[in-house]
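K.L.:
Pulled the feature table from TrEMBL, pasting it below:
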- 9-100: domain 'Ig-like' (DOMAIN)
- 105-190: domain 'Ig-like' (DOMAIN)
- 196-283: domain 'Ig-like' (DOMAIN)
- 288-380: domain 'Ig-like' (DOMAIN)
- 387-482: domain 'Fibronectin type-III' (DOMAIN)
- 487-580: domain 'Fibronectin type-III' (DOMAIN)
- 585-687: domain 'Fibronectin type-III' (DOMAIN)
- 691-788: domain 'Fibronectin type-III' (DOMAIN)
Amino acid sequence: ANFIKERKPKLLIPPESAGSSSSVTVIKGGVLLLECIAEGLPTPHLSWVKVTGNLPKDEPETENFGKILKIDQVTAADEGTYQCTASNPMGRAKHEFHVHVEEPPRWIKEPKGGVYSVGTNLVLLCEAIGNPEPTIQWKLNGMPIDSRTFRGRISAREISLTNLQLQDSAVYQCEASNKHGTILASANVDVLNIAPLILTSDGENYAAVVGYSAFLHCEIFASPAADIRWTKDDSIEPLSTLRYELNKNGTLEIKETKKEDSGSYACWAANSVGKRAITANLDIRDATKLLVTPKNPRVLKSHSILLKCQSEYDSHLKHSFKLSWRKDGDELPVNSTGDGRIILDRDTLFISSVTLEDQGVYTCVASTSLDSVTAESQLVVLDVPDPPEDLRLSENQNRSVRLSWKAGASHNSPINESIIEFEENRWEPGRWQELTRAPGNDTTVLLSLAPYMNYQFRVISVNAVGRSQPSKASLRYATPPAAPDKNPENIRVEASEPNEMVMKWEPLKPAERSGPGLEYKVSWRQRGVEADWNEEMVKKHSLTLRNTPTFVPYEIKVQAVNNLGSGPEPNVTIGYSGEDVPDAAPAGVSVDIVNSTLVKVFWFGIPRDRVRGHLRGYKVSWWKTKSLLDGKRHHPERHFLTFVGDRNYGMIPGLEPFSEFRLTVLAYNGKGDGPESSPVVFETPEGVPGQPLFLRILNFDKDSVTLSWGLPKKANGHLTGYILQYQIINETHEIGPLNDVSVTNRSTLSWRLSGLSSSTKYKFYVKACTVKGCGKPVTEEGLTMAQGSK
């Protein structure tokens, strides 16, 4: 039963009677279908392989459970032997398909016709490929060419004629064919013998701009081919310099035109049959010029920039002149951008609130009917650098670590330094502080660190525009504790009471503590006394001693100590215990009179041990007791002057003349004032008097005037009289010579001046006098009466 059920594969299609192989022909571009159907038990598995070469890159489709192999759009590469295999455990059966790919004819070269002159030669080429290889047949006006009667040469790929004649004009055809099809190509050959025909209109007007090429057209049809030459204005000589180039189609190109190229030109065409000519007029215009300002500006981000396109162009081209703007080659719209930042207004381009994206090459494009020119300006946008990135720590030591980073974009302004900041979360969490700086483009630095800190770092890049945003923080880096590296600074003594001494100092900063358990060891002893040091440990930054002698010098030391040890040996500072006010008054006080308002005071300084503190200086106090002019007593009004430092004299200004004064001197220190010296009495001499209270004109006559005046407010001594002065003044305030009149009677307060000129303006002065001199005058102006007036 098993033998009946199981059998090896057997091919039904193609049948075994067809043999082990067969041939299949397919047209290129068509569909290849190969079919295998097998029977057997178990059911055979069908597979396909290409025996010669590889299967196509795009794996062929199989249909009907692998029984049909399908290839669309067959190419020459699909040609070869394909094998179908049917297999099961009992065995296998195979069949090979020999696939041949054929194609109809297609052209490689087709014959090209044209117009030919009598006497010239003709060569027509024809080449086609296909599979099978196509056969080539030439035809003349649709009829096969008989090579026996054809006067030219003929082959499978070429036909040629020499010394063409008018009767050789015809339609020559090349026919390629194989079993899959036929293709036909035709070439019209016209043999002509005519005089030149100039197809370009006569009297054409041309224009070009200076420096550009000008093209004057002269399109010609002639058979045989015509000889072409150009002339200018009245010259008969053909144009032949290097700037003139005659193209095959008859067009004259004038390169790098100049103003003097303007004028009338003639194109001459001639062959063996005839001759023709046309004229053309050429105008040379000024070239358009452009300048964009500013040239290549550098602008800070968020600032504004105005680009202006300055242009010059020929007035004849005014109506065709156009301006436009481009950025990086792309045309900018005439209207402003959507956000209103970029505004175009013909020859100006305004950008407000410049961004980094605005950077680029801005081009002004000017065009006319004859030329087109451009001018560029490269906008460079400056900004602070981007934040540094990728912070890394290396070379870890107890007191140092190396920090490295990648610099961010500098935005067209080179980075000139980097600021390294740190934050530590043991003492001042969240507070970033500057640690050091790295110059230029350095991106690594060895950081010196303090003990007992838990650091993290960040970097800020700096360029000429400003600082970047800080980088992201690095990983944390903790340093181990150690004994203090330094002691407190600014050790000083402050005392508010005489028998007290308060020692103070600047506490160590968190970064200077170096370890846990920070305290201060304070040592002190009285200077100049043989005694041991007194010591006390404190956690604050001050220590108060009581019951100390008044103002005695002490030697003081303050040392930092923590759980890991002590700081370096501290320096000794000298400080004094509390001050008390001086307990002695200056002696030997005397006064020297300098003048009526100034005296010089002398005294002997108090002994050093009586100062009882730091001597700050001396204070002089004085008050007026009476006037020597009238003997009247005055209510004491004290005045003070302070003289800083250890000195024994001082100047007292601003005293009233001719008066009696009393004066005392005291010493003072930081605690306060000491006792005053005994008062010293002194008198100031007479001085010059003050101004009279008024000056009035009582009466005017044609040649005299009566004046009246008041006593001076301060006589400053015994009055000896008055001095009257007068002088002529005019409308321009020019002043005449000054005349003096002495009034020696001190009780006289009016005076008549005579001998004056009539109808004249005068200026009058009066000043009071003592034995010390005369004071400042008071003035008045007046006009004398005219002659004969009442």
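Just so you know, glycine gets a Cβ as well, placed from its N, Cα and C.
Map the listed features onto the structure and describe their local environment.
P.N.:
Broken down with DSSP, the domain 'Ig-like' (196-283) shows 3 helix, 45 strand, 40 coil.
If you average pLDDT over the domain 'Ig-like' (288-380) in this model, you get 90.
DSSP places the residues of the domain 'Fibronectin type-III' (487-580) in helix, strand and coil in these numbers: 3 helix, 47 strand, 44 coil.
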K.L.:
Taking 3+ C-beta pairs under 8 angstroms (sequence gap of 6 or more) as contact, is the domain 'Ig-like' (196-283) in contact with the domain 'Fibronectin type-III' (387-482)?
P.N.:
no
K.L.:
Count the Cβ pairs between the domain 'Fibronectin type-III' (387-482) and the domain 'Ig-like' (288-380) that lie under 8 angstroms and are 6 or more residues apart in sequence, then report whether there are at least 3.
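P.N.:
When sequence-distant Cβ pairs are counted, the domain 'Ig-like' (288-380) touches the domain 'Fibronectin type-III' (387-482), since at least 3 lie under 8 Å.
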